[in-house]
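**Student:** Structure incoming, see below.
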């Protein structure tokens, strides 16, 4: 029986524990959780860069959107290298693949090569987003999941444990949704995950689970935590 293969999306904010830059203790704890479950599950990871730069936010403040997005992509490379280091300290075997060529620190992203790494038990970390501006890392996570034939996309969120009817940090009456279709999520304008990412999943029948960082190991292991999204 083939191993379960998952694509895990980690937000940049999770690397700083909600603060800017990288908190070594936080990343070490994340890495330890991943290594524990990587013995029996093939894990690929897309990392965000929001703890350094957010392209959309920089653009709103007057910077050219494409340049701002490239800055965000470079932030994801920093996070990928930090995660790689702590994964290896915890005993994991890893590879970083970047969508932008930087051969001194990462392989160039090649889907077939990534699949080979996964079958050999390596944790593969995808960096630099899509290598092009105007794509969120949520959307890139779905693209990568489709390309490496992952069974599910797991979206780990910092500060929220699933999809809600409204922003729970603003509206205390917001209700958690445990299961929802992509079409309903799009029609209701639920914004926890990028709409382009939801549309891609809906088009290709790829399941998704959105959950809080505290449930990372359970989500990767296949337990029903957070919110399940499907067709």
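Heads up, the Cβ atoms here are built off N, Cα and C, so glycines get one too.
Feature table excerpt (Swiss-Prot):
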BINDING   9, 10, 11, 12, 50, 54, 158, 164, 167  ATP binding site
BINDING   49, 69, 130, 131, 132, 133, 134, 135, 136, 137  UMP binding site
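Thinking about packing and proximity, how do these listed features fit into the structure?
**Tutor:** Look at residue 158 (ATP binding site): DSSP puts it in coil.
Annotation note: residue 134 (UMP binding site) sits in a coil segment as assigned by DSSP. Within the same chain, residues at least six positions away from residue 134 (UMP binding site) with a Cβ under 8 Å of its Cβ are 65, 66, 69.
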**Student:** Could you tally the C-beta atoms, other than its own, that fall within 10 angstroms of the C-beta of residue 158 (ATP binding site)?
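**Tutor:** Other Cβ atoms found within 10 Å: 18.
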**Student:** When you average the Cβ positions of 49, 69, 130, 131, 132, 133, 134, 135, 136, 137 for the UMP site, which other residues in that chain have a Cβ within 8 Å of that mean position?
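**Tutor:** Checked against the 8 Å cutoff, the neighbours are 55, 72, 73, 129, 139, 140.
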**Student:** Measuring Cα to Cα, how far is residue 136 (UMP binding site) from residue 50 (ATP binding site) in Å?
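**Tutor:** Here the two Cα atoms lie 11 Å apart.
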